[in-house]
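Enquirer: So TrEMBL lists these for the protein:
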type     : residues : note
DOMAIN   : 234-489  : domain 'P-type ATPase C-terminal'
TRANSMEM : 266-286  : transmembrane segment
TRANSMEM : 298-318  : transmembrane segment
TRANSMEM : 351-370  : transmembrane segment
TRANSMEM : 382-403  : transmembrane segment
TRANSMEM : 415-435  : transmembrane segment
TRANSMEM : 447-480  : transmembrane segment
REGION   : 514-555  : region 'Disordered'
REGION   : 569-595  : region 'Disordered'
COMPBIAS : 578-595  : compositional bias 'Polar residues'
Amino acid sequence: IKIWVLTGDKLETAINIGYATALLGNEMEPIHRISRDELGTVSELPGDTPLQKAIQEAIELVRARDLPGLERHIKTFTPLEGAPRIFQPVSTMIAKLNRPGASEHEVALHLSACEGRLKENLLRERVRVKLSAIDSMTSKPKKGGHALVIDGPCLRACMEPGIRSTFLNVGVRCKSVVCCRVTPSQKAEITLLVKENMPGQITLAIGDGANDVAMIHAAHIGVGIRGKEGQQAVLASDYALPRFCFLERLLLIHGRWSYNRIGTMICYFIYKNIAFALTLFWFSFFNGFSSQPLFDDGYQSCYNLFFTSLPVMFFAILDRDLEPWVVKAKPELYSTGHFNERFNGVRFTRFIFGAIVHSLFFYFVTVTILDTNISDQRGTTTGMWTSGTAALTCVIATVNATMGLLTRSWCWLHWLVYIGSVFMWFFFLMVYHAIKPGMWQFFDTALNVYFLFFQMANILIYWLTVVVVVAMSCLPVVCYKYYREYYYPGVDDYYRRVVHAPQDYEGELKEEASGLTPMSMEVQDGPTSPLGGSRALHNSSHESENTGSRTPIPGAALYSRLKNYVSRNKEVRVGGQPTRSDFTAPTTSYDTSLS
């Protein structure tokens, strides 16, 4: 995460703030500073440039006019030789000053009009030269990293088309960037510069005042702080915080949780709808492509609305794979988002493949078992609508069970919603099939499904079919989940297992804490490994199964912290919910081991 400070404070105040917040440090010295007051004179410009000659010629021309009334203008114009800006159309001014018969008033008017433009362009040239020098210096890595401090006037020059790319390159290479004396429009302009020229990067703007509103609107994510400067920033933001220090938890805890939830949620939405649609698709091969549906219209209308919407919604709100203190203590857990392991082409394809396989089970296994030769105790045989209702029962039960397998943390709400969604389907069948066709004009049902569920409930093979199909569909998911987490685990899988059973990893964690285990050692996978083949995590890097990228490997001492956590949970948990003592900061020795 690269942090840029955009403030309206003075240069020295901004630098002091940078040191106070550890954005600037002594190891970054010398800090690259670009300030209007610190830039050199015209004579210091490199080379014998035509622009430099034109400025010197203009200044000498003004001095040679020998007009008494121009004395005050010469006093303001002559220091431009040492001022930090260059005038672009100098030749135009020289032509007007050399024009025969030019009056003293006309010359003074031209001088006054050109003075501001002269300073502005001179500063632009000085900033370009300074940035080029800093660009070459920042291309070489430094132990403490590079830092850039720039003020508002110089920043305005950096936004020029010929300079902005160099400024962006320098800013990206620097560890910290502090921009002082900037206006609200400049804050937004800098944010847009990074946002538009660095595709794939996410910008976040945080502020507490009305002067930060433009910047908050320009960023991908806007965060407003509710403080003494009003509510404008809060009203314009995507997230509102009462204090600035909560930004850490928003990014590192809730940000990581949200990424994991949303990535899984999107893949799951595609999975459950493809599984539903393909079940109808396979039936089209047996109905002569006549558009005869396998499911009743009422089923199709309520599938996404009532029977499969609540589980994924509660998953996207409540799921958390690891406790906050573990996530904050182990920065490598954040690499899941860096390498996009929760939402990528491989994982997306896997969900689609699962939907295709499950749809084959839903249709062919159900129809094969529930053929027309099966009848209840009264001799009533099954038919297309019975098979269709049974197939949709398998679809709803399986997709909700799959959502349960994807859930990392459970509470009573999960059980209520996941199981309740399936029972809601059966309750819907009871009510829907009990409505006699023609009973209500505004709500009518088909004669084909009237009292159908009550007939199906008396057929034992119907219930066995649902159990068999759901088991066949979920078994590959369970096997793959077990195989991946125990033989090719990710960083989050490893720490989740350590948190749940720290006593099983006591020896390994103590070895890592004492530094006895070299991080580059080669450990063979196999049944001799107490981790079931997952000891490859202790190598210096780990190849992600989803992306094929190399991710950092965990290797800090967690045993004492985890043992205290487990023992404390047995004593202080009330009603199954974690208390505040669960999230206390790690001990000093633990922080030392992290460093």
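Each Cβ is built from the backbone N, Cα and C atoms, and glycine gets one as well.
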Enquirer: Between the transmembrane segment (266-286) and the stretches 298-318, 351-370, 382-403, 415-435, 447-480, work out which stretch tops the count of Cβ pairs under 8 Å.
Expert: 351-370
Enquirer: Name the range, of those listed as 298-318, 351-370, 415-435, 447-480, that has the largest tally of Cβ pairs under 8 Å with the transmembrane segment (382-403).
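Expert: Most Cβ pairs under 8 Å with the transmembrane segment (382-403) come from 447-480.
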Enquirer: Counting Cβ pairs under 8 Å that are 6 or more apart in sequence, does the total for the transmembrane segment (447-480) and the transmembrane segment (351-370) reach three or more?
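Expert: Output yes: the transmembrane segment (447-480) sits against the transmembrane segment (351-370).
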